[in-house]
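Enquirer: I have a structure I would like to understand better, so I am pasting it below and will then ask my questions one at a time.
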Amino acid sequence: MTSYNNGGVFNPAYHDSETLEVDKRSSRKPHHSNPYANEDLALWGERADLRNDAEHGSHRGGWQEESRRVEESIPMGFITTNSTSASWQHNVYQSSLQIDGDSHYDPSPAARPISSMSGNMTMRWRGIAMRRMSMFPNSDPAFTEEEAEDEEQNLVKELVALSTREQVRQIRGLPMSFERKKHIRRQVMAFKSSKHSQHFTGFTDCSKNISLSFRRCGYGIKSARQTLELWHGIMKEIGGKFGSSVLTYFMFLKWLLMFNIFSFLVNFGFITIPLLVHDLSPNIPSNVSFRGLELLTGAGYFNYTVMYYGGYSNETLRGLVDYNMQLAYFFTIAIYMVLCGIVLIFSMANSFKKNYALADSASNSAWQLLCSWDFSITNDKTVRQRKSNLRVQLKESLSEKSLKKRLTLSEKLQQYGIHLGCWVLSTSLAVGCGASIFYLCQYEQEAMDSGPWSLLNEAETLLVPFVVSLMNMVIPLFFSLLNKFELYSNQRRQIYALLLRNVLLRMVILGVLCYYWMNVVPGRFLCWEPMVGQALYRLVIIDFLFLMLGSFFGEFLSNVIGTQLLPRFGVPEFDVARNVLDLIYAQTLAWIGIYFSPLLPAIQILKFFILFYLKKVSLTQNCQPPRRSSRAAQMQTIFIFLLFFPFFVGALSMVAYTAWSLTPSEQCGPFHGLNNTFSVVEIWIAGLEGSSDWVVWIYENIIRSELFYFLLTLIIIVIIYVFWQLIQGRKELIGLLRQQIINEGKDKSFLLDKLQYLQKSYSEIPAGPIKQKGPSSRRSDGHSSGSQSNSNAMVQVLLARQQLEEEEQRRSLGGVSVPSDISASSAMTQALLARQRAERQNEDFYQMPEEHPSSLNALDQAMAARQRALDDERDEYWSTTDFNERNSSASAVTQAMQARLRAEEDRGDDPADLPSPTSSVMIQVMQARQRAEEEERMQWAPDPLQNPAPSGSSALIQAMLARQQAQNEYDDGY
Amino acid sequence: MGNKQTIFTAQQLFYRYRDLAPQLVPLDYTNHPDVKLPYELIGSMPELKDNPFRQRIAEVFSEDGQGNMTLDDFLDMFSVLSEMAPRDLKAYYAFKIYDFNNDDFLCKSDLEKTLNKLTRNELTEEEVRMVCEKVIDEADLDNDGRLSLEDFQHMIVRAPDFLSTFHIRI
C-alpha cells in the first residue's frame with residue numbers, strides 16, 4: 001500500500017490548521033498525481049497505516065482508510081473545542097506508538113520528516129470522493145456533515161490558488177458526481193469573486209470577463225467541431241463492431257483527409273484563385289478538346305489548365321494589389337511543406353510520448369485481463385467472439401513459456417535460415433520491381449517518341465502506373481504468404497517484419513520513379529514539369545482504382561473463398577497494416593506532386609472520401625473482427641512515424657531538390673527563364689534592397705550564411721546531448737524508485753508477518769488458560785468482583801472468540817490465501833492496538849485511583865468505540881452486496897476484542913480485581929517482547945515484579961530494531 | 001464547468017435518457033424532479049447491453065449502488081466514458097468497476113470474476129488461478145498480493161490503449 005498517512009499525527013503542531021495548510025501548499029509537487037512522490041516517508045506511513053487500522057477497526061484499506069484518516073484527524077484538530085476528545089485522540093496515538101510516555105524510546109518530533117505532514121492533494125480529493133461516490137453513503141457513522149464541509153473547504157481553498165485553466169482541469173479530474181463538481185466549482189467561483197472584489201478594481205474584472213468569454217468561445221468552437229464531426233455515426237458503428245484497432249485505420253484515413261483539405265485550401269486560395277481572378281479563361285489551343293480519357297491519364301486537355309505547373313504564369317498580377325505569382329507559388333508550396341512537417345513531428349512526438357515511452361510490454365496478462373477489453377464494442381456477436389479470442393490468448397500465454405524452451409540449436413538455426421531466406425527473397429523482389437519499372441519507363445518513352453501523339457499513345461501512358469499499382473497490390477500479398485512460413489516467436493515481430501518489407505518495396509518503387517523524373521524527364525521535354533505532374537496524376541488515379549480492386553480481391557474474394565470454397569481459411573480479417581500502408585503510399589504521391597500539380601490534393605480528397613465508404617462497406621460485408629487484440633495505440637504511432645520518416649521526408653527532399661537544383665523548363669510555368677526555382681527569392685531580395693534593408697540583412701547573414709547553420713546545428717546538438725543525459729538520469733531514478741516501491745512492499749509484508757505472528761501468540765496464550773481453566777475460573781474472578789455485567793462480557797468474549805476460531809478454521813479449509821489473511825490480521829492488529837490503548841488507560845487509572853472521572857471517560861470511549869465498530873459492521877452487513885467471509889471474520893475479531901476490552905475496563909473499575917488485568921497486560925507484553933526477539937521459548941508465567949511499561953516499550957524497540965535491520969538488508973540487496 | 005466540453009452532448013444524452021422511459025422522465029427538468037430509472041432500463045441501452053460489465057458500470061455510477069440512475073448519474077457515467085475524461089479519472093472508475101466486492105483492492109476473487117465475465121466461464125479453475133496469479137504477479141508492485149488503485153494506475157499509465165478501449169461512443 002503506497003498511500004501514506006499524511007496526517008502527521010505525531011506532531012502536535014499539526015493540530016493547528018494553519019500549519020496544515022501551509023505545509024500542504026509548500027510540499028505540493030508539480031505532478032502531484034504521482035502517488036510515489038513522497039517515497040521516503042513510507043516508513044512513517046506504514047506505521048501510520050497500521051495505527052489507523054487499529055483506530056478504526058475497519059477492514060477496508062487504501063482509499064477509504066486514507067479518507068477516514070484525513071477526515072478524522074483534520075477536523076479533530078481544529079474544529080472540536082472539546083478537550084476530552086482531543087486528548088483522547090492524543091492518547092490513542094501515544095499508546096499505539098509508545099507504551100509509556102517516559103520510556104527510553106522517544107520518537108522526537110525533530111527526527112521525523114516534515115513533509116510527512118503534507119497532504120497529497122490528489123489523494124485527499126480521492127479520499128473525499130471515495131466517500132462521496134461511495135456506493136453506500138452514510139455507511140460510516142464517524143463521518144459527519146461538519147467534517148465533509150471542512151474537507152470541502154480545504155479543497156476549495158486549494159483550487160482557488162490555482163490558475164483558471166488548472167482549476168478546470170483539476171475539477172474535471174475529481175472523481176465525484178456531477179452535482180458535487182458543480183457545487184465545488186460554484187464555491188470556488190464565489191470564493192474568488194469575493195476575494196477579487198476586495199482587492200481588485202474594474203480593470204482586472206474586465207480582463208477576467210474577456211478571458212472568460214474567450215474561453216467560452218473556445219469551448220463553443222470545440223463543441224461545434226465535435227457535433228459536426230465527420231462520420232461520427234459510422235465511426236461508432238465500426239468501433240462497436242470491430243473494436244478500436246480496426247477503427248485506427250479509419251481514424252488515420254480521416255486524419256489524412258483533413259491534411260488534404262488543408263493543403264487544397266492553401267493551394268487553391270493562394271495560387272489558383274489569384275490566377276483565375278486575373279484571367280478566368282484558360283488558354284487552351286483550339287485543336288484540344290475534352291475527350292474523357294483525360295480523367296484517367298491527366299494528359300491532353302488537363303495539360304493546359306491550372307491543374308499542372310504549366311498552367312501558371314510568371315507574371316506579376318496587377319489588380320488592387322500587385323501579386324507576384326512566382327513568389328506566391330514558391331512560398332505557398334514551401335510553407336505548406338514546412339507546416340506538414342511540423343504537424344507530423346508534433347503528432348509523432350506526442351504519440352511516442354503517450355504510447356511508447358510509457359508502454360511496458362512486460363505486463364501482458366495484466367494488460368489482457370484489465371486493459372484490453374474494448375468497452376466501445378456494442379455488437380453481440382463481436383462480444384462473444386472477443387471473449388473466446390481472449391480465452392484462447394490467455395491459454396496461449398500460459399503455455400508460451402514451456403513452448404519456448406523446447407527449441408534446440410538445430411531448430412534455431414533452421415529458423416534463422418528461414419528468416420534470412422525470406423529477407424533475401426523479399427529484398428531481391430523489391431529491387432527487381434524497381435529495376436523493371438525503370439526499364440518500363442524507358443521503353444514507354446521510346447514508344448512515345450517514335451510516333452505522333454494519338455489516343456492510343458495516350459492510353460499507353462497508363463502502362464507504367466498500371467504496372468506500379470499492380471506490383472503494389474500483388475507483391476504485399478506474396479509477402480504475407482512468405483510471412484506465414486516464418487515462425488516468429490512473437491506476433492508483434494511478425495507484423496513489424498511484414499511492415500518493413502512492404503515499406504521497402506514502396507520506397508524502392510517511388511525512389512526509382514523519382515530518379516526517372518528528376519534525371520531523365522527534364523532532358524527530354526521542353527516543358528517537363530507538367531509531364532511529371534501527369535505521371536503523378538495517373539499514379540494517383542490508377543492507385544485509387546487498384547485500392548478498390550484490392551478491397552474486392554483482398555476482402556470480398558477471400559470472404560467468398562473462406563465461406564463457400566475453403567472453409568478452413570475462414571472469414572478474412574481486415575488487415576490494418578496493409579491498408580494503412582496503402583494510405584501512406586497514396587499520401588506520399590500527393591506530397592511529391594504538390595509542386596508539379598498544385599491541385600492534386602483535390603483529387604486526393606475525392607479519393608479518400610470515396611475510399612472511406614468503400615472500405616466501410618467492404619469491412620462490414622466481408623470481414624470479421626480481428627482475432628488478436630493487438631496494441632492499437634502502438635501501431636498507430638508506428639504508422640505516423642512511417643508516414644513521417646521515409647515517406648514525408650522523401651517527398652520533401654525530392655521537392656527541395658527540384659526547387660534548388662533543377663533548371664525549370666524554359667517554355668512554361670511560373671519559373672521559366674530562371675536558373676532554378678530558388679532564384680526567385682534572390683531576385684526578390686535584390687529588388688528589396690534600399691526599401692527594407694533588414695530583410696536583406698536577414699537574407700544575407702542568416703539564410704545564406706553557412707556559419708549560422710553551423711552554429712545552429714552545434715547548439716542543437718548540445719541541447720540534444722543535455723537532454724539525453726537528463727533522460728539517462730531519469731531512467732536511473734525510475735529504476736531506483738521502482739526498487740524502492742518493491743522494497744516498501746517487502747517491508748510491509750515483513751511487518752505484517754511479524755504482527756501476524758505476534759497476534760497468533762497473543763490470541764493463543766490467553767485462549768489457553770481460558771480453555772484449560774474453562775469459563776468457570778474466569779467467571780469466578782468475575783464473581784469475586786461481584787459484577788454480573790463482567791461475566792456477561794466474558795461470555796461474550798468467549799463466544800466471539802469461538803466464532804473467530806471457527807471462521808479461521810473455515811478459512812484454512814477453504815484455502816483462502818494471503819489477501820484475506822492480511823486484512824484479517826490487520827483487523828486483529830487494530831483490535832490489539834485498541835486494546836493496548838484501553839489498557840494504557842487502565843494503567844492511568846491505577847496510577848491515580850482517586851480519579852474516577854478519567855476512568856469513566858475511558859470506559860465511555862471504549863464503549864463508544866465499540867458502538868462505532870458495531871455500527872460499522874451493521875452497515876457492512878446491510879450494504880455489502882457481495883458479502884464475503886473475510887468481513888465477518890474480521891468483524892468477529894473486532895467484536896471479540898472490543899468485548900474483551902470492555903470486560904477489562906469493567907474489571908478495572910473494580911478495585912478488588914486489580915491484579916488480574918495487570919497480569920494479563922503483563923502476559924501480553926511479555927509475549928510481544930518474546931516474539932520480537934524471536935525466541936521460541938514458551939514462558940507464559942507472569943512476572944508480577946516487572947513493570948509492564950518498560951517491557952512493552954522494549955518490545956516495541958525490538959520490533960523497531962528488527963524492522964530497521966530488515967530495511968538495511970533490503971537496501972544492501974539492491 | 002468541470003465538464004463543459006461534454007455539455008454539448010448533455011442535451012443529446014438527456015434525450016437518450018428520456019428515450020429509455022418517456023413515461024417516467026419529464027421533459028422539463030427545471031424543478032429537479034427526483035427521477036430514477038431502474039437498472040433494467042439502463043442496462044438495455046444499445047451501448048451497454050452487450051457489455052459484460054454493464055451491471056458493474058451501472059452500480060458504480062449510480063448513487064444508490066444498485067444501478068438505478070438519476071439523470072446526473074447517467075451524465076456522469078457517459079462523461080467518464082467519453083473521450084475527453086482524463087486518464088486518472090478513467091482509471092479510477094475502471095478500478096471501481098473491476099472491484100466487485102468494493103473493498104478498494106482488486107484481490108483474486110475480483111480478478112476471477114473479471115476473468116469469468118470476459119471468457120464466459122470457459123477456463124478451467126486451474127487456468128483461472130494461474131492467470132490471476134500472473135496478473136497479480138505482474139501488476140502488484142508492493143507485494144501485498146492484491147492490486148491497489150496505485151498498482152492499477154501504474155499499469156494503466158503503461159497501457160496507452162486503455163484510453164481508447166475504456167471509451168463508449170454515444
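Sequential numbering from 1, following the chain as shown.
Any Cβ shown, glycine's included, is placed from N, Cα and C.
So TrEMBL has the following annotated:
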REGION    A:1-40  region 'Disordered'
COMPBIAS  A:15-25  compositional bias 'Basic and acidic residues'
TRANSMEM  A:255-276  transmembrane segment
TRANSMEM  A:288-306  transmembrane segment
TRANSMEM  A:327-349  transmembrane segment
TRANSMEM  A:416-441  transmembrane segment
TRANSMEM  A:462-482  transmembrane segment
TRANSMEM  A:494-518  transmembrane segment
DOMAIN    A:527-633  domain 'TMC'
TRANSMEM  A:539-561  transmembrane segment
TRANSMEM  A:589-614  transmembrane segment
TRANSMEM  A:635-660  transmembrane segment
TRANSMEM  A:707-727  transmembrane segment
REGION    A:766-790  region 'Disordered'
REGION    A:886-974  region 'Disordered'
COMPBIAS  A:886-897  compositional bias 'Polar residues'
Enquirer: Would you kindly check A:288-306, A:494-518, A:539-561, A:707-727 and say which stretch has the most C-beta pairs under 8 angstroms to the transmembrane segment (A:462-482)?
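Expert: Answer is A:539-561, with the largest number of Cβ pairs below 8 Å.
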Enquirer: Using a Cβ cut-off under 8 Å, which residues of the same chain at least 6 positions beyond either end of the transmembrane segment (A:635-660) come close to it?
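Expert: Residues 245, 248, 251-252, 330, 333-334, 337, 340-341, 344-345, 347-348, 351-352, 355-356, 495-496, 499, 503, 507, 510-511, 514, 518, 576-577, 580-581, 584-585, 587-588, 591-592, 594-595, 676-678 contact the transmembrane segment (A:635-660) from elsewhere in the chain.
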Enquirer: Who are the long-range neighbours of the transmembrane segment (A:327-349) in its own chain, taking Cβ under 8 Å and residues 6 or more past its ends?
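Expert: Residues 259, 263, 266-267, 270-271, 274, 312, 591, 594-595, 598, 637, 640-641, 643-644, 648, 652, 655, 659, 670-671, 677-678, 680-681, 684.
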Enquirer: Counting Cβ pairs under 8 Å that are 6 or more apart in sequence, does the total for the transmembrane segment (A:255-276) and the transmembrane segment (A:589-614) reach three or more?
Expert: yes
Enquirer: When the pLDDT values for the domain 'TMC' (A:527-633) are averaged, what is the result?
Expert: 87
Enquirer: Quick check on the domain 'TMC' (A:527-633): DSSP residue counts for helix, strand, coil, in that order please.
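Expert: Its residues fall into 81 helix, 2 strand, 24 coil.
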Enquirer: Restricting to the same chain and to residues at least six past its boundaries, which positions have a Cβ under 8 Å from a Cβ of the transmembrane segment (A:589-614)?
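Expert: Answer is 231, 234, 250, 253-254, 256-257, 260-261, 263-264, 267-268, 271-272, 306-309, 312, 329, 332-333, 336-337, 340, 510, 514, 529-530, 532-534, 536-537, 539-541, 543-544, 547-548, 551, 583, 647-648, 651-652, 654-655, 658-659.
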Enquirer: Who are the long-range neighbours of the transmembrane segment (A:288-306) in its own chain, taking Cβ under 8 Å and residues 6 or more past its ends?
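Expert: The answer is 272, 275-276, 282, 312, 455, 458-459, 461-462, 530, 533-534, 537-538, 541-542, 598-599.
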